[in-house]
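Engineer: Pasting in a structure now, in structure tokens, and then I'll have a few things to ask.
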Amino acid sequence: MTILRKSHPLLKIINHSLIDLPTPSNISSWWNFGSLLGICLMIQIITGLFLAMHYTSDTTTAFSSVTHICRDVNYGWLIRYIHANGASMFFICLFIHVGRGIYYGXXMLNETWNIGIILFLTTMATAFVGYVLPWGQMSFWGATVITNLLSAIPYVGTTLVEWIWGGFSVDKATLTRFFTFHFILPFIITALVLVHLLFLHETGSNNPSGLNSNADKIPFHPYYTIKDLLGIFMLLLALMTLVLFFPDILGDPDNYIPANPLNTPAHIKPEWYFLFAYAILRSIPNKLGGVLALLLSILILAAFPLLNTSKQHGLMYRPITQTLYWIFIANLFILTWIGGQPVEHPFIMIGQISSILYFTIIVILMPMASMIENNVLKLHV
């Protein structure tokens, strides 16, 4: 008689995805971040549901409802801070996951990579609309500035912005629809995650060597379930340390001031995980140019499979491209720092140089380095 998990129509799917899944025997801890993202998504949905039970999406009561959650709801402060800092952990895992994909050549699994980019954009949209909900100063002005960028679109821009706002400024209608989007998007993300995994399991996982690993695979359970559990415990330790000791370290103090349309904060800036894109946006003096650069800073990921000129899979044995990769990562940190700085000398110049370098490395230097490496290694196959 067949084991139930192998014959039952529903359990069979779970079995093929999480238990008997053939997995390369040599994948490192960089492969843990996929499962960590799954855990982050679960944490965010659960805490988000509990917050939604007490939150009111009305401009007059939104700020007080968040205060009420923190002061009067049992462990409301804990749920709120897990949700706020959980978003930061989510993006840390997301950046590492994408970075690992670039380093080990996972971009060549086209469908998985493209769904991943859609997931990245959807997660960014979710985080943006979520940041507006507490209706503090930075929530209000962040929403105003970022939605206003759409007015740079020729001909339809202004109409589009007013349509998104539901009026002539960010107001009650905007907050209500943003709450709706913030509620529904995580479930859309969950559906996209399943599609992401479906495509991944069609081809099988990549591995650090970049070679075909079909000859040496092991079952996912118990080997990688145990390995993932260690990662999950470390993630929870980091998250709870952040929540219980430094809950506001990644937030903005201005968001503890209720939204006031008549008073603009000194420095309007988004959450830390958007700062790199915000720095690229600000580095271009033209409004439409800035918006296009902002979009391209994320959509350039879709060009990775097209720009790949190497005969090898991944950067494991490619020292020139490896050096460029780490310069690119360092440059991302610089952009993140610049995004949080005021618009003045020397930050403007540093931001512009970093933005140029960001695109130059991806579009010109990495493909050139790959071609040089092919020639040096005589890879003309």
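Including glycine, each Cβ sits where the backbone N, Cα and C put it.
On a predicted model such as this, the values are computed, not experimentally measured, just so you know.
Summarising the annotation, Swiss-Prot assigns transmembrane segment to 33-53, 77-98, 113-133, 178-198, 226-246, 288-308, 320-340, 347-367 and lists similarity to another entry as the type of evidence. The heme b b562 binding site annotation in Swiss-Prot covers His83, His182 and rests on similarity to another entry. What Swiss-Prot lists as heme b b566 binding site is His97, His196. Annotated ubiquinone binding site per Swiss-Prot: His201, in sequence order, evidence recorded as similarity to another entry.
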Engineer: Hey, what's the Cβ neighbour count for the residue listed as 'ubiquinone binding site' at 10 Å?
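Structural biologist: Result for the residue listed as 'ubiquinone binding site': 14 neighbouring Cβ atoms inside 10 Å.
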Engineer: Is the count of Cβ pairs under 8 Å between the transmembrane segment (77-98) and the transmembrane segment (226-246), pairs 6 or more apart in sequence, 3 or more?
Structural biologist: yes
Engineer: Do any residues of this chain, six or more beyond the ends of the transmembrane segment (33-53), have a C-beta under 8 angstroms from a C-beta of it, and if so which?
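Structural biologist: Distal contacts: 69, 79-80, 82-83, 86-87, 89-90, 93-94, 96-97, 100, 182-183, 186-187, 189-190, 193, 228, 231-232, 235, 239.
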Engineer: Cα distance, His182 (heme b b562 binding site) to His97 (heme b b566 binding site), nearest Å?
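Structural biologist: His182 (heme b b562 binding site) has its Cα 23 Å from the Cα of His97 (heme b b566 binding site).
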